[in-house]
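Trainee: This is the feature table in Swiss-Prot:
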- Glu257: active site (ACT_SITE)
- Cys291: active site (ACT_SITE)
- Gly234, Ser235, Ala236, His237, Thr238, Gly239: NAD(+) binding site (BINDING)
Amino acid sequence: MSQHVMFNAVLSSHPALFIQGEWRIGNGVSFEKQDPMSQQRLWQARAADHTDVTLACHAARAAFPAWARASLEQRATVIQQFAALLEQHKQSLARTISLETSKPYWETLTEVQAMIGKVAISLQAYQTRTGHSQTPMGDSMSVLRHRPHGVLAVFGPYNFPGHLPNGHIVPALLAGNTVVFKPSELTPWTAEETVKLWQEAGIPDGVLNLVQGGRETGEALAAQPDIDGLLFTGSAHTGYHLHRQLAGQPEKMLALEMGGNNALIVEQVKDRDAVVNLAIQSAFISAGQRCTCSRRLLVKTGAEGDAFLLRFTAVAQALRIGRWDEQPAPFMGAVISSQAAERMLAAQQHLLLLGGESLLNMTRPDSQSALLTPGIIDITNISEVPDEEYFGPLVSVIRYTDFTEALKIANQTRFGLAVGLVSEDRQQFEQLLLEARAGIVNWNKPLTGASSAAPFGGVGASGNHRPSAFYAADYCAWPMASLECEHLTLPATLSPGISFDLPKV
């Protein structure tokens with residue numbers, strides 16, 4: 001796999017779309033990706049316009065019958081070859097992800113490893129969630145099968161540009177769907193390099209297509225009559241827009257995995273540094289750019305809570321931040337873009353103007369970089385707290401008096417992705433399980449910890465239940481129920497009102 005650390009301007013028309021098994025130059029506007037740390041151009045190409053998107057969808061539609069009729073073993077062979085190529089190019093792809101996202105190299109290596117692991121998990125999920133089963137019913141058989149939707153559009157996010165779209169593409173292809181993949185315009189290079197591996201793995205022409213671009217490309221794809229469903233991972237704002245765009249089209253499957261305004265409740269625990277480490281991992285890993293990051297840190301009032309916050313603030317202030325390949329390795333890098341950095345600083349200023357108290361001021365050490373330092377704001381005294389997902393290294397502290405109040409505060413959000421509890425009291429966790437309105441409920445584990453072998457997703461503004469991880473299989477195939485009998489015979493007992501005691505013709 002090539003490593004184009006920086007494209008020259010003459011490569012603005014390099015073929016970055018993959019349609020019908022061919023790399024093509026887009027007909028849309030030229031756009032580029034900059035290194036979040038240095039602002040140097042990493043990648044540049046032309047976006048897909050409406051014509052390109054239509055062509056990609058037509059290619060996927062034409063390829064669908066043969067791919068759907070191929071055996072599961074045939075489809076799995078291609079997907080397993082893709083996994084083998086990921087293993088072979090793990091370091092190269094991890095470097096590409098690090099360059100585009102600014103995530104440290106140690107973190108992007110784990111992302112590529114998760115992409116590899118997704119193949120085996122998807123095979124298991126396909127059999128468990130959407131396989132073939134039959135139940136005897138007297139002289140017949142009740143049979144359950146699953147069938148692919150057809151053409152699925154996959155919209156990928158920028159925070160995990162390899163792992164998260166991979167979590168939809170792999171199960172979609174395994175189930176027999178064909179795919180049109182639209183990655184985030186902030187991570188086009190990772191998508192391009194990943195699709196090259198699919199091509200090398202032998203994916204048939206038209207089965208997987210790549211369209212690059214921003215909002216216009218996404219809207220064109222969502223509006224295509226040739227798609228049968230759409231799998232989306234990203235912000236609630238964009239997810240709501242897609243939901244409105246597909247309104248009135250119940251024939252199209254729409255799966256939305258969006259963000260969260262997640263709460264981490266901190267009760268008393270003996271090992272204070274263990275709690276601080278968990279809170280740091282929950283709030284600031286990936287520079288706070290995970291949908292499960294804790295945006296709200298609920299800390300009990302009193303001396304123990306005060307001591308925890310002092311230690312938490314000190315450790316956050318001392319976190320090593322920097323370029324993805326620096327040594328010693330940083331804990332976190334920059335946010336995805338200068339615009340994202342500006343939005344985070346504006347969010348901090350807004351909370352301070354509302355009456356928040358800064359415990360640790362988030363700063364931008366270099367105006368020419370998207371690198372931010374961690375920020376902590378006590379918003380306990382704000383009367384009307386904005387219910388927003390601030391997607392970056394900024395966490396809000398809310399003090400509470402008792403556990404009942406903490407539960408109430410945790411549920412005061414339109415989102416419902418994740419909530420966590422740090423406590424040595426099992427009964428408190430049992431109460432949280434009963435009252436939490438969230439798809440992920442963790443106990444003494446970071447909010448950002450999740451298993452690909454479990455469902456992933458949330459309720460409310462966090463999405464329509466579990467379209468990611470193990471349950472992604474559910475959204476990639478529809479159930480077909482059959483009653484089957486090999487030999488038709490007249491029943492021994494007829495329904496009332498029916499008689500065959502008639503002269504035969």
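Yeah, the Cβs are placed from backbone N, Cα and C, and that goes for glycine too.
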Trainee: Have a look around Gly239 (NAD(+) binding site) and count the other CB atoms within 10 A of its CB, chains all included.
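Mentor: Neighbour count, Cβ to Cβ under the 10 Å cut-off: 23.
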Trainee: For the recorded NAD(+) site formed by Gly234, Ser235, Ala236, His237, Thr238, Gly239, which further same-chain residues have Cβ atoms within 8 Å of the site's Cβ center?
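Mentor: Those within range, site residues removed, are Phe232, Tyr240, His241, Met258, Gly259.
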Trainee: Ranking the recorded positions Ala236, Cys291 by other Cβ atoms within 10 Å, which is at the bottom?
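Mentor: Ranked by other Cβ atoms within 10 Å, the recorded positions Ala236, Cys291 bottom out at Ala236.
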Trainee: Name the residues of the same chain, 6+ apart in sequence, whose Cβ is under 8 Å from the Cβ of Gly234 (NAD(+) binding site)?
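Mentor: Expected: Phe155, Pro157, Ser184, Glu257, Met258.
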Trainee: State the Cα to Cα distance, in Å, between Ser235 (NAD(+) binding site) and Cys291 (active site), rounded to an integer.
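Mentor: Cα to Cα, Ser235 (NAD(+) binding site) and Cys291 (active site) are separated by 9 Å.
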Trainee: What three-state secondary structure does DSSP assign to Gly234 (NAD(+) binding site)?
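Mentor: DSSP assigns Gly234 (NAD(+) binding site) to coil.
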Trainee: Out of Ser235, Thr238, give me whichever of these binding-site residues has the highest number of other Cβ atoms within 10 Å.
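Mentor: That would be Thr238, with the most Cβ atoms nearby.
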Trainee: What Cα-Cα separation, expressed in whole Å, is found between His237 (NAD(+) binding site) and Cys291 (active site)?
Mentor: 13
Trainee: Please report the DSSP secondary structure of Glu257 (active site), reduced to three states.
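Mentor: It is in a strand.
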Trainee: How many Å lie between the Cα of Cys291 (active site) and the Cα of Gly239 (NAD(+) binding site)?
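Mentor: Cα-Cα distance, Cys291 (active site) to Gly239 (NAD(+) binding site): 13 Å.
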Trainee: Could you tell me which of these recorded positions, His237, Glu257, has the greatest number of Cβ atoms within 10 Å of its own Cβ?
Mentor: Glu257
